[in-house]
Amino acid sequence: VKQRMEVRPAAQGRAAAGRVALLVVLLPVCCRAAPERIRYAIAEELGRGSLVGPLARDLGLSPADLPARKLRIVSGDEKQYFTLGEDKTNLRVNQRIDREEICGAASPCVLSLEAVVENPFNVFHVSVTIQDINDNAPQFDREFVAIEMIESTPPGARFPLGSGRDPDIGVNSLQNYQLHPNPLFSLVVRESPDGTKHAELVLEKSLDREKQRNHHLVLTALDGGDPVRSGTAQIKINITDANDNPPVFTKEIYKVRLVENLPEGSLAFQVKATDGDEGTNAEITYSFSDISNRARQLFTLDSRTGDVKIRGPLDYEEGKYYEASVEGKDGGGLTAHAKVHIDIIDVNDNAPTLSLLPILNPIPEDSFPSTVVAVINVRDRDSGDNGEVSCNIDGHLPFRLEPSSENTYKVVLASALDREKVSAYNITITARDRGSPALWSRASLVLEVSDVNDNAPVFEEAAYSAYVAENNAAGAEVVRVRARDADAGANGRVSYWLAGGSAGAAASVSVEARSGAVYAQRSFDYEQCREFAVAVRAQDGGAPARSSTATVRVFVLDRNDNAPRVLWPAAGAAAGAGAGASPSASPFEVVPRSAEAGYLVAKVVAVDADAGRNAWLSYELVQAAEPALFRVGLHSGEVRTARAVSERDAAKQRLVAVVKDHGQPALSATATLHVVLAESLQEALPELSERAAGADSAAELQFYLVLALALLSALFLLSVALAVLARVRRA
């Protein structure tokens, strides 16, 4: 527990310095201050910026700790009398402090405030005692006092002179009265139970009006300050003829209790005096003989009836007690005096006041329960039950109030926060007193919830399917994936990456990091790869980052990009609608002349690498020497005789069949079949030899054409090279 001591200014003189030194030595030995209470003492009227005390040091904070601990002060007063210096370490005076204005006659005069530190959070209660200085001289309510005395007044009679006023307290307040020396009069000082000193004039010798009608005296009020201050009042005494019976009040002291906030003009109370004389000597007039300026502004006295009425607003918080002296004077000049003690009764006319100091705004959504959000200072100027205040948070919010001290509460987190559900809270605190009827006031705090990366991106679909026709252009968009992140800012900013997939899939597609668009990296071939899958990862920008993965399955759609290929008989294929091919080594089929209709000559076998309708094949004869002799099966490719072979039919028959797929546009290939009509193989041999010779001649012609083309190309290239060489040599 760190020990605290009061700090007193060194300018109080040697005696005060000695007392402070003694206090410094004895205080740590005889007592230990509460760890949450720090006390300072300063003189009133210090200039702005004057040092009150080393607050940071007394809290145990080093200069290196200050930025993280965020030292602040909170005051519930309307005026901010104190502030932290620019160095944020010392408590200093912020504005003029007048002890008499703040506390009046109350002693001690203490101003309270709270020092708030964070990391960890704590509240320290600081009290500053305002010490009185002798900055006010005593003053009389009336500078001129007129007293009428009957010449028959016996010696020893006393006449109240009223009392001086000094707002200072202690030794600086009014201590004594002095009267200018006079052989007929002396001065007696009386002290009332509340410590107020009153001066009374005492008649020492008999008066003789015929010798001297008037006497002039000077009354001086002195305080006990250093240096001494004083105030004076002039006393004029008029000597009148005898009047046997002085007035007599019904009470020596009138004790009155008044409720504050009585309307102006209301009858507060009545004083009453009687006189045994008759005529004008029995006519009594009333007046205040001793009353403070503040009380004179609040009460008025009817000089004839003695009725005291309200003339100004009564406020318990401004003044709880008033005292006055009432004088009753008859027509002959005799007087009587009575005291009036007025107690003001408090009513609940002040609503509580709230001061809010935010500590953590915005608050991270992952803050733990019991985290301090704000500090509230509550004040109610009323007293008793009217000044007892309770606070609560309106509505069902994840916050609660915890009392920190008599007038201070902490707003702490009661349960976990989720920014994605509620991003801001409007916290309304209601302070209600226990008066009847109760008064209340509210203060609001808008608390923002800051985001933390507690949500991973979520794809709109767990798996995406894309359908792409083969032979697509490289760079074409395949599909677009999208993921949403409930977080905000960088925590909710999603980027996309490839995270693997089936063999070769990663090289086939790419993903744009910002939009999630998946693009083809190459042209797809249905015949090589019909489908593949890749994994796309969505990752946010938080630290640490969160991610999720979705599967993108790409299906390649077939296009009619493959013409049918004839497996038998061997033939050249043609690409394009209706394109034919010339036979290169067309086979021969021998058909006996005795063949009947439906005789199987051969079967054209073809395949198509495409799928679906693009691979559905149909067969058709497009060329035949005897069109009516042969037919081909539309779907089977079987070549059969359409009728019986006759002797009139040519011995050699050349058939050309076209094979078509059903794509759009359709692709086709042709097959050439040579048929020899003979009863036996020996009969067909001459025809076969002639056909082979024709084939050899065509092959030899093709060879010479190719050789000639090659020679021409070589000569052309040589000419170009020689021309370039000649140009280079000239250059």
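Backbone N, Cα and C atoms are what each Cβ position is placed from, and that goes for glycine too.
For 1-33, the entry in TrEMBL reads signal peptide.
Secondary structure of the domain 'Cadherin' (34-140), assigned with DSSP and counted as helix (H, G, I), strand (E, B) and coil, comes to 13 helix, 40 strand, 54 coil. Sequence annotations record features per position, and here TrEMBL assigns domain 'Cadherin' to 34-140 (among others).
The domain 'Cadherin' annotation in TrEMBL covers 141-249 (among others). Model confidence over the domain 'Cadherin' (141-249) stands at 87, taken as the mean pLDDT rounded to a whole number.
The domain 'Cadherin' feature in TrEMBL is assigned to 250-354 (among others). Using DSSP to sort the residues of the domain 'Cadherin' (250-354) gives these counts of helix, strand and coil: 10 helix, 49 strand, 46 coil.
Feature annotation from TrEMBL assigns domain 'Cadherin' to 363-459 (among others).
What TrEMBL lists as domain 'Cadherin' is 460-566 (among others).
The domain 'Cadherin' annotation in TrEMBL covers 591-688 (among others).
Annotation comment: TrEMBL describes 703-726 as transmembrane segment.
Take the domain 'Cadherin' (34-140) and the stretches 250-354, 363-459, 460-566, 591-688: counting Cβ pairs under 8 Å, 363-459 has the most. In the domain 'Cadherin' (591-688), the DSSP tally of helix, strand and coil residues is 12 helix, 41 strand, 45 coil.
Distant neighbours of the transmembrane segment (703-726): none; no residue of the same chain at least 6 beyond its ends has a Cβ under 8 Å from one of its Cβ atoms.
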